[in-house]
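Listed in TrEMBL for this protein:
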{"type": "BINDING", "residues": "His67, His68, Asp106, His241, Glu245", "note": "divalent metal cation binding site"}
Amino acid sequence: MTTPTLSHIVDAFHGLYPPHLAASWDSSGLVCGRLQAPVEHVHFAVDAISATAQEAINLGAGLLITHHPLLLRGTSFIPDSDYKGNVLHTLIEGGCGLLGAHTNADAAVAGVNEALCEALNLQGYEPLTDQQQQELVGEEYSVGTGRVGVLARPLTLQKLSEELAAALPATAGGLRVAGSPQKLIRRVALCGGAGDSLFEAVRASEADVYITADLRHHPASEFREQELVRGTDTALIDCSHAASESLWLNRAAERLQETLADQGYSIEISVSSLNTDPWDFHVDTGPIAGSASTPR
């Protein structure tokens, strides 16, 4: 076994999570790093923030792979007084590259959304929208945004929410749920990260529940009101954005290590244990009445 270069690792990773699957507005890819530098250790995290950058350096990593791109919205200046500049200076001065895999990792086989499917033991899942065929390792796989599948056994909305909460890392916000706790759930639509742009696809999927993150008041309220009028009553489960995407990290790390080993390369892989959800605690506002948008 030999030590791969940064270029070898980037190529192997992009073979698993092809850049062409990324949305046109996205900024996934290699942000910094010397392509011919040998890399003995790769570290994974959801976010490229000061803490995960320093964590990677402390571990001796030569590459930090994150789900969220540091420069998604770009920046014109990167002094170390700016947080993005501070992250880049920390990594570059520590000899560590940075690679982001955002919507390409969302859409790909064994990506962010399929990690959520596996956590819930969904059967027969397929893309929620934007279906296309992507040939990988001689087989045809469906790739696209979100996933929809069927539970191995029907669960109440309450029980499904509890199982999802147990599968995700703990966060201050926990889960917010819209729907009757006793509603029976069979068909599940999901999208890791912010997913309120997919409500029309959720309706078309005829799912009993939609699991996603960052649900804003107006889109969620309008969706539930429309369900009330239609008499279909699709429930909603709103997760922490970072938590909903974190389950992918271990899967991606394992796949990268296996791929490199098959190519004759030996490398150490680690996954961050840091909580990059921005919230620290919540305060209970007391007993609540059920939502007026939920049938009684």
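Residue positions begin at 1 at the first shown residue.
Cβ coordinates are placed from backbone N, Cα and C, and glycine is handled just like the others.
Model, not experiment: these values are computed from the prediction.
Note on the binding-site residues His68, His241: the fewest other CB atoms within 10 A surround the CB of His68. Taking the centroid of the Cβ atoms of His67, His68, Asp106, His241, Glu245 as the divalent metal cation site, the other same-chain residues with Cβ within 8 Å of it are Val46, His102, Ala105, Val112, Gly192, Gly193, Ala242, Ser244, Trp248. In sequence order, Val46, His67, Val112, Gly192, Gly193 constitute the residues six or more apart from Glu245 (divalent metal cation binding site) in its chain with CB-CB distances below 8 Å.
Counting only residues at least six positions away in the same chain, the Cβ atoms of Val112, Asn113, Thr145, Cys191, Gly192, Gly193 sit under 8 Å from the Cβ of Asp106 (divalent metal cation binding site). In this view, His67 (divalent metal cation binding site) is surrounded by 27 other Cβ atoms within 10 Å of its Cβ, with every protein chain counted.
When secondary structure is read from DSSP and collapsed to three states, Asp106 (divalent metal cation binding site) falls in the helix class.
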